[in-house]
Amino acid sequence: MVFYFTSAVVSPPHTIYMGKDKYENEDLIKYGWPEDIWFHVDKLSSAHVYLRMPKGTTIDDIPKEVLIDCVQLVKNNSIQGCKMNNINIVYTPWSNLKKTADMDIGQIGFHRQKEVKIVAVEKKINEIVNRLEKTKEERYPDLAAEKESRDREERNEKKAQIQEQKKKEKEEVKKKKEMEDLKNYTSLMKSDNMTTNEDGYDSDDFM
């Protein structure tokens, strides 16, 4: 089971999701998308919360209002963190999550520590948590199938882009050749005209 929330504080709305337990977190880690941003309470146990960003955006493009929604949701889903003030939330792109065979279920590391960001959360804001909870949906998605569908769509888009680029290049080559042919034809016509003038007769005295 995966819990989905909608952050509608900006337009278009953003999807936030998290697993029910550490076992589902394993699948979320495995089948995350490049557009996903992972959130967790720093140094405390908490839910693994993911924010799905629009394609073509990065972690630096997260709207401030959406970021606040995410960290409040993470804090609220930490047994210890929800009762504490002044905690830190870490977040990083899904692609930066590292999972090795010797790690426990639900445990992760990072490929590059410099890509991990930290935001301080002073206290729980009930209005935000309640608003998000009203959008909560329980689903049983086929994460592997969704990931494959997403990747297939991306491959098709890249294939179409490559084909379009090749088409443009072919048209440019054709246009360049046509310009060269026109240039050569013009030069030839000019040369023929000059030859005709040089061979002409100016006198009417002829036999």
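Numbers run from 1 along the shown chain.
Any Cβ shown, glycine's included, is placed from N, Cα and C.
When S78, S187, S203 are compared in Swiss-Prot, the phosphoserine annotation sits on S203. According to Swiss-Prot, the feature transmembrane segment maps to residues 105-121, out of the candidate ranges 3-19, 88-104, 105-121.
When the ranges 20-24, 60-64, 130-134 are checked against Swiss-Prot, the one recorded as region 'DNA-binding' is 20-24. Within the chain, the compositional bias 'Basic and acidic residues' (140-183) has long-range Cβ neighbours (under 8 A, six or more residues past its boundaries) at 1-2, 27-28, 30-33.
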